[in-house]
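Listed features, source TrEMBL:
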TRANSMEM  7-25  transmembrane segment
TRANSMEM  56-74  transmembrane segment
TRANSMEM  81-101  transmembrane segment
TRANSMEM  107-127  transmembrane segment
TRANSMEM  139-159  transmembrane segment
TRANSMEM  165-187  transmembrane segment
TRANSMEM  245-268  transmembrane segment
TRANSMEM  314-335  transmembrane segment
TRANSMEM  341-365  transmembrane segment
TRANSMEM  377-400  transmembrane segment
TRANSMEM  412-432  transmembrane segment
Amino acid sequence: DPGTEKWNWVFPTVFLCVYGFFSMMRPSEPFLTDFLTGPYKNLTTQQVTKQVIPTWAYSNLFLLIPVFLVTDVLRYKPLIVLQALTFILAFILLLFSSGVVLTQCALFAYSMGTAADTAYYSYIYSVVHPQYYQRVTSYARGAVLLGYACGSLLGQLLVSLGGISLYWLNVITLNSVCLALLAALLLPMPEKSLFLRESEMDYNPSENVTSSSRGSWVWVVRCLRRGRRVVATALRRLALDCKECYSSVTVLFFCVWSAMGKCGYYQITLYVQLLWESKQPPYNFTAYNGGVEAMATLSGSVASIAVGHLALEWTLWGELVLGVFTALSAGVLYLMSMTSNIWVCYICYALFKTIYMELITICTFQIARGISRERYALVFGVNSFVGIVLQSLLTAIVVNTKTLELTICSQFFIYASYFSALAVLFLSRGVYTVFHNQLVEHVTPEGLPDRRTDLPQVSPLT
């Protein structure tokens, strides 16, 4: 029945988008550093830089793998509910606790929520027909971006025009994530998982046991054996899928930028508020962090949509495009680190975030072209994990190394150099790819078979 089929994808999509909107509508987030260093928490900038913020990176590193492994087994919805609960816990701790240790606990709870992002983006694929994948993906991502932009703009308006204190911004944020929890509870439970749906998790009549044997050790042993086979099958398939997904050089390079770009982006967004604080004039100044975040998110959304409609042979030119715009990102980061003008710093950050969202969109759809839908969660989960590992190393070296004692401006200079190195890598690879392709097109010796290139073939969507 067409009507029933339409309702089957509309219902979970609406509740997932409602969840994504309210979970990201956090008006307090652009002012987190001001809240922590202000009279409410009374932490020093040094404590926030070296003790509080690194907690997110390190704990996210250790939480991402176990969360990723159980996401598919538990069929997504429990992880989405857990994400909402951990966000609620994080903001309760921020509101009603004091001191460095409890603030670190709040960031730890927050990292548990962010580690479950894979469940949010994978859930919808397990409950809708493949013909709706592209549409529901755009809705789910759009809801998150819209929620973050609205939250940032609301926070800015309340601070600038309403004179609302940062404490009440956190209260509003807490209520928003509570609404997100209600939406998560209303999500329908998927009937099957994506990755393990063909594995031994599925019901096997030959291993069924009678109710009378359920209290016996025989039933326990059978369950343990069955679980062991499920784990072994899942790990074998995981290894084979990773090998197959990353065997294409083109897909591999887009995955490299995805992981390294996320590393730099996370580091910039975590510490940019400290940079803004150092650039603010000493006299009475109203911070416009929320307005800048809202503008950057909206402009990044427009850039992401625009690049999705750009007709370009991405297999040939994609790496060069990544290299050019990564170099531009490095340039604005250098300017951010060296300028003393807060407005220039604001504009540079908006440009950086816009460019990043554009480039990560290119990487996402190029990777998606080269893998099957069942492997989306696997590949994007692995890329996220690699990005978090790199970010943890970057944090340990740049932020927590006692011998360096770098200022926030010096740290951003290093982050700009990081993107410069990434730009050199992709400019070199992009130029090689283009010139190699042109050379093969113009040099076709006689006696050779039809012209071919060494560019990896990208398999169509299945």
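For all residues, glycine too, the Cβ spot is worked out from N, Cα and C.
Within its own chain, the transmembrane segment (165-187) is flanked in space by residues 12, 15-16, 18-19, 21-23, 25-29, 31, 34-35, 38, 40, 77, 80-81, 83-85, 87-88, 91-92, 94-95, 123, 151, 154-155, 158-159, which lie at least six positions past its ends and keep a Cβ under 8 Å from the stretch.
For the transmembrane segment (377-400), the partner stretch with the most Cβ pairs below 8 Å, chosen from 56-74, 245-268, 412-432, is 245-268. Between the transmembrane segment (341-365) and the transmembrane segment (245-268), three or more CB pairs separated by 6 or more residues in sequence fall under 8 Å, so the two stretches touch.
The transmembrane segment (245-268) is in contact with the transmembrane segment (412-432), judged by 3+ CB-CB distances under 8 Å for residue pairs 6 or more apart in sequence. Note: the stretches the transmembrane segment (56-74) and the transmembrane segment (139-159) are not in contact (fewer than 3 CB pairs below 8 A, sequence gap of 6 or more).
Comparison of 7-25, 81-101, 107-127, 139-159, 314-335 by number of C-beta pairs under 8 angstroms to the transmembrane segment (412-432) places 314-335 first. Among the listed stretches 81-101, 107-127, 139-159, the one sharing the most Cβ pairs under 8 Å with the transmembrane segment (7-25) is 139-159. Here the transmembrane segment (107-127) has Cβ contacts under 8 Å with residues 8-9, 12-13, 16, 19-20, 52-53, 55-56, 59-60, 63-64, 67-68, 71-72, 75-77, 79-80, 82-84, 86-87, 89-90, 93, 133, 136-137, 140-141, 144, 187-188, 190, 192-194, 373, 376-377, 380-381, 384 of the same chain, all six or more residues outside its ends.
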